[in-house]
Amino acid sequence: MSTTVIILAAGKGTRMRSQLPKVLQPLAGRPLLGHVIKTAKQLLAENIITIYGHGGDHVKKTFAQENIQWVEQAEQLGTGHAVQMTLPVLPKDGISLILYGDVPLARQTTLEQLIEASNKTGIGMITLHVDNPTGYGRIVRQDGKIQAIVEHKDATEAQRQIQEINTGIYCVSNAKLHEWLPKLSNENAQGEYYLTDIVAMAVADGLEIASIQPELAFEVEGVNDRLQLAALEREFQKQQAKELMQQGVTFADPARFDLRGTVKVGHDVRIDVNVIIEGDCELGDFVEIGAGCILKNTTIAAGTKVQAYSVFDGAVVGENTQIGPFARLRPGAKLANEVHIGNFVEVKNTTIGLGSKANHFTYLGDAEIGAESNIGAGTITCNYDGANKHKTTIGDAVFIGSNSSLVAPVTIGNGATVGAGSVITKDVAEQSLSFERAQQISKANYQRPQKLKK
């Protein structure tokens, strides 16, 4: 049976006190709505219909690359009204999963269970047992079957003792949605159309309402303010760290780790405190990441050790390499095996060969460096002429003396040596020594200036 995912994302989010629409607030490096869309795609839904309202243009622009049908809810007249807006584009057959743009972490496996259960009955929902159900709609059952959802303010004292609550996540046959949604009424204290009313309609039609429980409570938690957003962030990060530890990662402190994307890990990876991983990363066997490092869209091969406060973005690092502390690898940095990149070294759009080293205070941009070369402290590849970038090529077994400036485009041949303090503007031949500096002048018995007496 074909599946449609309907996402309600029209809310204003007043309590966020933000100019950014609520569903665009970030959680683990991705907008709230982005999490929901990602899950919908994992479910292989044939259609994703997103209902937008406040900040609609901004929301649509953010997800312009996604294959989504957008439906506007110009007036926010309740959850039932929001789903009513989809009827003109909602298929007549199949089943629809109803999700929320501010409930970002419902997992694929949980939703697949709901879809499977709902396919058998025509309607299903996710419920949750909680210790304190105050404020939530209660699930009223008879002989184990769902009979009604009673809002807290309308519940009897006996019903208020019920600890099973409505999460608002439903899966309903499209045929029934086309039948029930036009019948919704706004004759209530709020003057709104409630989606929960379809439960009573299902019972009246003699349908059994399937229900499942999520494995993790935070899967169905919504976000209304920044306190809830922060709390959900920490719950999610805790769960991600747990899953990585189950894969063999050792954390110095799992509570001080943030994953804002995906990471594939090998065996015996060690991660120190306050590490942030963003985008899509991969860490090989026995990789060690020091405290305070940031990794984004980076691959690090087996045995490499990264010391504290190093930053990676779009880098590829070979095996048994030593990096940091305070190193920066920018997009296009490609390091072979057994490379050393030391403190305050920046590498951008540069390939570095086997065993080469740049241990201190160096900028390597738009360069190609061969194997077993040594780049002295303070070396700079001068790659930018004010208008265009140019390439520096350094061969194998090259020695670059400290405080050298290599003005691109320039090539340093295999086995060449560049003397310290040189400004190299011409190609250097293989196995040669090149240096360029002013002649040293020494003045004997030099007297330093004295301070004037006031």
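In case you wondered, yes, glycine gets a Cβ from its N, Cα and C as well.
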Using only what Swiss-Prot says about acetyl-CoA binding by Ala377, Asn383, Tyr384, Ser402, Arg437, identify which of Ala336, Ala358, Ala416, Ala420 is listed for that site too.
Ala420
Of the recorded positions Gly11, Gly78, His360, Tyr384, Ser402, which sits closest to Asp102 (Mg(2+) binding site) by Cα distance?
Gly11
For the region 'Linker' (227-247), DSSP counts of helix, strand and coil?
20 helix, 0 strand, 1 coil
Can you give me the Cα-Cα distance between Tyr384 (acetyl-CoA binding site) and Arg330 (UDP-N-acetyl-alpha-D-glucosamine binding site) in Å, rounded to a whole number?
16
Long-range neighbours only, meaning 6 or more apart in sequence with Cβ under 8 Å: which ones does Asn383 (acetyl-CoA binding site) have?
Gly365, Asp366, Ala367, Lys389, His390, Lys391, Thr392, Ala408
Can you check what DSSP calls Arg330 (UDP-N-acetyl-alpha-D-glucosamine binding site), collapsed to helix, strand or coil?
coil
